[in-house]
Amino acid sequence: MEVSRIGSFQEHIDKTTGIVTPHPLLRKPLMSQPRGIYLITPDETDTARLIARTAPLLNGIVWLQYRNKLANTALRTEQAQALLALCRQTGIPLLINDDLELAQTIGADGVHLGMHDSNPSIARAQLGPHAIIGVSCYNQIERAKQAIKAGASYVGFGTFYPSHTKTTPYRATPELLRQTTHLGVPRVAIGGLTPKNIAPIIEAGAELLAVISGIYSAKNPVTALKAYQSQFNI
C-alpha cells in the first residue's frame, strides 16, 4: 500500500488494484436530516473551468454529484479526482453519477445509481457502511422501498417539471412526496426546479433539491444558489 494526499487527508492506494481506501475521517455517517441543495455538475469538458465554476458554490450546498455524460473514462477520472480534492477542502461529500467503479477507485463519498446501474446492495458492499448511496426512483414508491431495503441512503424522485437536462417519461408530483414521508431516508427532488417553482416541492416534504442548469447556467450562479436556499429559509 502507498499513501497519497488529496486535500489535507491521507488515503491508501492499493498498488495492485489501484483502489483507493479513504482515511476514516473522509467517510462519516450520513447526516440524519440533510436539507438543502444537492448540486450536480454539468457536462463540462474543461476540468479547470469545471473547478472554477464549482468552487464558489460549495459553501452553500449539502452534497455535490459529479455527472458528465459526454466525457470519456480518462476525463471523468481526471475531473472526479479534481472535484474530490476540492470537496475535501470544504467538507462537502462528493458522489459519482452512475459509475460505481469510478467512485470506488477515487474514494468518493458515494454514488448515485440510475435505473440500469448496479444494485444498491452491491454498491453498499463495495463502498462501505458510511457511503452515501442514492437511487433514482422516478415516480415509483415501490422502487424506492426496494432501494432502501437494498441499502440506499436516499431516494430521488422526478422529474417534477420539464427539464432539458433530465429527460425521462416519468413525472413526479408533490403528492408523491406527501405519500413517502414514512420512508425514513432523505428524498431528493429533481427536474426543472427553479426558485420560482420549488415552494410546493419543499412544502410537500422534499429534503433535498437536485439542481444543475438552474445554478450553473445562471448569469450569476452564486446569486442563483442563494435564491434556491432562501426557499428553504437557510
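Note: Cβ is positioned from N, Cα and C throughout, glycine not excepted.
Summarising the annotation, Swiss-Prot assigns 4-amino-2-methyl-5-(diphosphooxymethyl)pyrimidine binding site to Gln65, Tyr66, Arg67, Asn68, Lys69, Asn97, Ser136, Lys166 and lists sequence analysis as the type of evidence. When Cβ atoms from all protein chains are considered, those within 10 Å of Arg67 (4-amino-2-methyl-5-(diphosphooxymethyl)pyrimidine binding site) total 20, not counting its own.
Under the heading Mg(2+) binding site, Swiss-Prot lists Asp98, Asp117, citing sequence analysis as support. Every protein chain shown contributes to the tally, and the Cβ of Asp98 (Mg(2+) binding site) ends up with 18 other Cβ atoms within 10 Å.
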Neighbouring C-beta atoms (10 Å sphere around the C-beta of Asn97 (4-amino-2-methyl-5-(diphosphooxymethyl)pyrimidine binding site)): 22
Entry from the binding-site residues list Gln65, Tyr66 having the most other CB atoms no farther than 10 A: Tyr66
Other C-beta atoms that fall within 10 angstroms of the C-beta of Asn68 (4-amino-2-methyl-5-(diphosphooxymethyl)pyrimidine binding site): 18
